Amino acid sequence: MCDFLTNGGTSIINLVESFLLSGDGILLPSPMRICNGIESYLQLRSLLRKLALVHETAKAANPVRNINCVLHTTREEKMSSRDMERGRKHRGDTQWTSWLTPTIVVANVAIFIVVMFINDCPKTTRGANEDCVAKFLGRFSFQPLRENPLLGPSASTLEKMGALDWRKVVQGNEKWRLITAMWLHAGIFHLLTNMFNVIFFGIRLEQQFGFIRIGLIYLISGFGGSILSALFLQNSISVGASGALLGLIGAMLSELLINWTIYESKLCALFTILFIIAVDLAIGLLPWVDNFAHIGGLLTGFFLGFILLIQPQLGWEESRNSSQYGARAKSKYNPCQYVLFFIAAVLVVAGLTIGIVMLFKGENGNKHCKWCHRLDCYPTSKWSC
């Protein structure tokens with residue numbers, strides 16, 4: 001065997017050397033040096049096993065790449081076969097079945113239908129059927145446009161069904177409104193806009209990271225948005241899933257940052273996400289839009305992304321497999337990931353705790369921040385706040 005490799009197998013040696021030098025699995029010595037050291041059948045069999053592993057690694061190292069600028073994809077062309085399998089499960093190649101996001105959408109639509117049934121515009125609105133919109137819907141018809149231009153129920157119905165109201169939360173001890181408000185919507189336009197975005201962002205994230213982590217981000221972000229809204233908007237009611245939705249977008253941003261090294265088209269994805277966030281926050285400056293819920297959900301989701309969406313650095317699985325052959329295994333996470341994880345964990349716990357304490361002490365956030373009301377509504381010549 002050694003004579004064949006040395007004297008008659010020059011082309012095979014060159015091929016094997018190119019495999020060993022370019023493969024991403026295990027870096028072996030030159031076949032000539034190995035051959036000179038083989039003196040037993042067991043050594044030869046060990047060599048063949050290593051060559052087979054390199055071959056399998058090389059076969060798996062040429063995946064078809066799908067580069068999506070908006071929802072970034074991972075860089076997998078330098079993964080071993082096992083690392084690629086892990087990547088397919090955890091890095092967005094639809095290995096997780098998305099069922100939670102559609103369930104959230106169905107639940108929101110069902111709740112809106114129930115709210116409209118209870119609202120019963122023809123019965124509760126003065127002027128009877130003549131003022132209701134879409135009268136053919138009967139008790140599901142919408143409030144007059146002068147009262148609700150979003151085609152939805154009355155404010156009193158929303159308040160009865162669980163809208164966020166500072167007085168009822170703090171003075172009436174109805175803390176559950178911090179959760180129920182994110183499942184209510186002011187109108188059909190409001191509902192459709194939010195649910196479209198939940199589907200667009202939520203399904204992709206759930207396929208990539210699973211329903212548990214995305215469900216936690218959605219609920220906790222909505223809760224964080226409700227807390228900030230209640231602290232600053234104490235003379236009006238608020239409803240909507242915008243805080244939870246902005247939490248998903250914020251988590252996408254932090255996930256991109258903490259896993260920066262494993263992605264392609266990073267800058268394109270970064271600027272796209274920042275543009276979406278800027279548009280959402282700009283819309284929040286309009287009257288009757290609760291931008292504090294947007295900001296609270298965005299910040300909560302952003303910090304949660306550093307905690308729940310952290311991924312092993314590129315090549316970790318590969319180096320772990322090769323460590324059995326004497327190579328040094330790479331750390332699962334790099335130092336920057338550990339630092340961001342720790343800082344985010346402290347900030348999200350501290351922020352939610354301080355917010356809850358201030359809220360139930362009856363604090364008014366505007367007294368502690370004189371200019372913060374500008375974040376919710378900015379007056380122009382077209383409207384006043």
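Every residue, even glycine, has its Cβ placed from backbone N, Cα and C.
According to TrEMBL, the features are:
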DOMAIN    173-309  domain 'Peptidase S54 rhomboid'
TRANSMEM  96-118  transmembrane segment
TRANSMEM  182-203  transmembrane segment
TRANSMEM  215-233  transmembrane segment
TRANSMEM  239-260  transmembrane segment
TRANSMEM  267-286  transmembrane segment
TRANSMEM  292-310  transmembrane segment
TRANSMEM  338-360  transmembrane segment
For the domain 'Peptidase S54 rhomboid' (173-309), what are the DSSP-based totals of helix, strand and coil residues?
107 helix, 3 strand, 27 coil
Among the recorded stretches 96-118, 182-203, 215-233, 239-260, 292-310, which has the greatest number of Cβ pairs closer than 8 Å to the transmembrane segment (267-286)?
239-260
Take the transmembrane segment (215-233) and find every residue of the same chain, 6 or more past its ends, with a Cβ under 8 Å from one of its Cβ atoms.
100, 104, 164, 166, 169-170, 177-179, 181-182, 202, 205, 241-244, 246-248, 250-251, 290, 292-301, 304-305, 308, 351-352, 355-356, 358-359, 363-366, 372-373, 376
Short question: which residues 6 or more past the ends of the transmembrane segment (292-310) have a Cβ under 8 Å from it?
209, 213, 216-217, 220-229, 231-233, 238, 240, 242-255, 257-259, 277, 280-281, 284, 333, 337, 340-341, 343-345, 347-348, 351-352, 355, 375-376
Any idea what the model's mean pLDDT is for the domain 'Peptidase S54 rhomboid' (173-309)?
93
